[in-house]
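Record features (Swiss-Prot):
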type: BINDING; residues: G35, L36, S37, G38, S39, G40, K41, S42; note: ATP binding site
type: ACT_SITE; residues: S109; note: active site, phosphoserine intermediate
Amino acid sequence: MEENNNIYPIFDRMLTRQDKEELLKQRGVMIWFTGLSGSGKSTIAIALERELHKRGLLCRILDGDNIRTGINNNLGFSETDRVENIRRIAEVSKLFIDTGIITIAAFISPNNDIREMAARIVGPDDFLEIFVSTPLAECEKRDVKGLYAKARRGEIKNFTGISAPFEAPEHPALSLDTSVLSLEESVNRLLEIVLPRVSRHE
């Protein structure tokens, strides 16, 4: 009899991603929203989740509210911590995607290097980068939390768009300017590219 040298035999018995996607009747994918604070990332993410839910599709939103207060509550806002924040988000997202769950992330993620790292972790075939390209002037005008005003007064250091740069994605799957597009229009454009990616063709 051939000896089994696998010291972790449980992995031979674990269900595959395909098994889970067949159960859910959908494909896992990462929808990564990037853009300035106040650009509309979270608003669009929530509206998209609702539309996908109506179609019987299981989603999970990851954003600053549920990440910074949980798994990343020990991280600050230094450059090192910002990179680690995105790395952990990407690793957690990969677990969801491998379970067949449509994962929606809404983070400023201000430069191409940090977003490319996330794409490498998740896997480029599963990564849809969505640029919410609302101009700074419009984001600053909205300023619901008063963050831009504080940044202008120097009360917040390294604030993206004011005292820290934002690099626009070079080749996003889609760009959405919410100063021009309504929420409904933005979601409809998203559905056009998302639904074909998440649908299983038996």
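Yeah, the Cβs are placed from backbone N, Cα and C, and that goes for glycine too.
Remember, it's a predicted structure, so these values are computed and weren't measured experimentally.
Recorded features from Swiss-Prot, shown on the structure.
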| residue | record | CB count, 10 Å |
| --- | --- | --- |
| G35 | ATP binding site | 30 |
| L36 | ATP binding site | 23 |
| S37 | ATP binding site | 23 |
| G38 | ATP binding site | 23 |
| S39 | ATP binding site | 28 |
| G40 | ATP binding site | 25 |
| K41 | ATP binding site | 28 |
| S42 | ATP binding site | 18 |
| S109 | active site, phosphoserine intermediate | 27 |
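A distance of 13 Å separates the Cα atom of S42 (ATP binding site) from that of S109 (active site, phosphoserine intermediate). Checking each of the binding-site residues (G35, L36, G38, S39) against S109 (active site, phosphoserine intermediate), the C-alpha distance stays within 10 Å for G35, L36.
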